[in-house]
Amino acid sequence: MTANQTPQTVHYATVTWDQLHRDARLLAATLMQKHGPFRGIVAITRGGLIPAAILGREMGCRLIESVSVISYAGEEGTQHEPKVVKPPVAAGDGEGFLIVDDLVDSGVTARIVRELLPKAVFACLYAKPEGKPFTDHYVTEVAQDTWVLFPWDTAPLFVPPLVRSEGE
């Protein structure tokens, strides 16, 4: 960082299991109302796996396929040229299928999956402004500078009380 640069502030949003479940059920209700039944679901790995399982249960959809696109390296989230490492073979061109992800961020992964499955419906729980054009449905918009922490990314941690008793 040079003298003229200021540190970039990163904001965090923590999604709990309860919130994730509520949002997934809300998304399922919207999808059932607007699209009726789907032949199958394509989960974008890894973040779309758990939302896809919840949506599959709520919508009575048992055929769940996956697609794996690698575009980030490491937990620091360094973006690289995206590469499909596992295509969604069972989904054909996507007709009758629902693509599911936890979050659409920059839209890089979503764009690639949409190219693979042009006839599919794309839905995610959370969308950032840059990624919104790539999804048909989402539950909550998140600011572009926010890092979303999902339940599978975090662990419960004991935090000691602020006040200790005198006997300790």
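Cβ atoms are placed via backbone N, Cα and C, with glycine included.
As annotated by Swiss-Prot, 5-phospho-alpha-D-ribose 1-diphosphate binding site applies to R46, G47, D101, D102, L103, V104, D105, S106, G107, V108, T109, with the evidence given as sequence analysis. Taken residue by residue with DSSP, D105 (5-phospho-alpha-D-ribose 1-diphosphate binding site) is part of neither helix nor strand, so it is coil. Counting every protein chain shown, the number of other Cβ atoms lying within 10 Å of the Cβ of D105 (5-phospho-alpha-D-ribose 1-diphosphate binding site) is 27.
According to Swiss-Prot, the feature Mg(2+) binding site maps to D102, an assignment based on sequence analysis. For D102 (Mg(2+) binding site), the same-chain residues 6+ apart in sequence whose C-beta sits under 8 angstroms from its C-beta are G47, G48, I50, P51, C124, L125, Y126, V148, F150.
Among the features that Swiss-Prot reports, xanthine binding site is placed at D105, V148, with the record citing sequence analysis. Under DSSP, V148 (xanthine binding site) is assigned to a strand (E or B) in the three-state scheme.
S106 (GMP binding site) counts 15 other C-beta atoms within 10 Å of its own C-beta, drawing on all protein chains shown. The GMP binding site annotation in Swiss-Prot covers D105, S106, G107, V108, T109, W147, V148 and rests on sequence analysis.
Among the features that Swiss-Prot reports, guanine binding site is placed at D105, with the record citing sequence analysis.
Within the set R46, G47, D101, D102, L103, V104, D105, S106, G107, V108, T109 that the record links to 5-phospho-alpha-D-ribose 1-diphosphate, no two Cα atoms are more than 16 Å apart, and one pair reaches that distance.
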